[in-house]
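*Asks:* Sharing the feature lines straight out of Swiss-Prot:
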ACT_SITE  58  active site, proton donor
SITE      84  site 'Lowers pKa of active site Tyr'
BINDING   155, 156, 175, 203, 204, 205, 206, 207, 208, 214  NADP(+) binding site
């Protein structure tokens, strides 16, 4: 079984993880079935997926609780749990809070919901506007020294915020948006993360299915669908993106897989990226994602895709 090391941490993970926002994330998806979500987590662990990525905001703690229920059925040491916090309830809304007290409290509350003694990777989910980022990370380092967390991550940070957060060299992982249609991170983040041995975990890797070969140039989306608001899905740009994605079909055919496996394998071929955490709602989607780990792209494949989406 392939394993990858996350940044400076001692965490070893299978290169395909599971994003669990559809496990108990009732505030994100309507009509979620909790038993289906729990079965998805079970299937992930049974099939060798070691990393489960969750967050307080996924169902306002419910995702963590459901994962905690499933964890009891397995050896805790076989699973790498990543969770995130930054959302503090204020009236009927949420505000971002990176204050040391709030983050420490969040770690303790996540431990209870997950029904575990330690969290493998704890992220600051979003930056707030006022807390010095090194102070926020130092609070998490106290939790690490206490054995409550094993490694520290930040998510959605700018490069300047990341540098401030990593002032004492304590950040193990950065999670941020990166995909073939938005390669900005290659310029902004990758030189820094590479130099400081910080693992970059991309989210939004298939751009709402656009890079999965699911759509044609004539595909339209219902009124109110979020994809209508995304630049990549608008007008001529959408059609051009579809044409590019279709050019990946021969490579997929050659490797006997589908287009999304080729896209995901291209990310994993980058030295800055150790693991991907595609989401799934059903076990069959998860099993399909796992196939990516068996795809080894040739240098020719990698260069072709690089130029196609330059």
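Every residue, even glycine, has its Cβ placed from backbone N, Cα and C.
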*Asks:* Return the single residue from the binding-site residues list (175, 208) that has the minimum number of other CB atoms within 10 Å.
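*Replies:* Comparing Cβ neighbours within 10 Å for the binding-site residues 175, 208, 208 has the fewest.
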*Asks:* When a 10 Å sphere is centred on the Cβ of residue 155 (NADP(+) binding site), how many other Cβ atoms does it contain?
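*Replies:* Total other Cβ atoms inside 10 Å, all chains included: 19.
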*Asks:* Could you measure between residue 206 (NADP(+) binding site) and residue 84 (site 'Lowers pKa of active site Tyr') for me? Cα positions, answer in whole angstrom.
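*Replies:* That comes out at 22 Å between the alpha carbons.
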*Asks:* Out of 58, 204, give me whichever of these recorded positions has the highest number of other Cβ atoms within 10 Å.
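*Replies:* Max Cβ neighbours within 10 Å, all protein chains included: 58.
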*Asks:* Based on the record's binding annotation for NADP(+) (155, 156, 175, 203, 204, 205, 206, 207, 208, 214), what whole-number value in Å is the widest Cα to Cα distance?
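*Replies:* Comparing all Cα pairs, the maximum is 28 Å.
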*Asks:* Is residue 204 (NADP(+) binding site) helix, strand or coil when read with DSSP?
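*Replies:* The residue in question, residue 204 (NADP(+) binding site), is coil (DSSP, three-state).
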*Asks:* Restricting to the same chain and to sequence separations of six or more, state which residues have a Cβ under 8 Å from that of residue 84 (site 'Lowers pKa of active site Tyr').
*Replies:* 54, 55, 56, 57, 122, 123, 124, 125, 153, 155
*Asks:* Taking the Cβ of residue 206 (NADP(+) binding site) as the centre, count every other Cβ atom within 10 Å, in any protein chain shown.
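*Replies:* Total other Cβ atoms inside 10 Å, all chains included: 21.
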*Asks:* Quick one: Cα separation, residue 58 (active site, proton donor) versus residue 175 (NADP(+) binding site), in Å?
*Replies:* 16
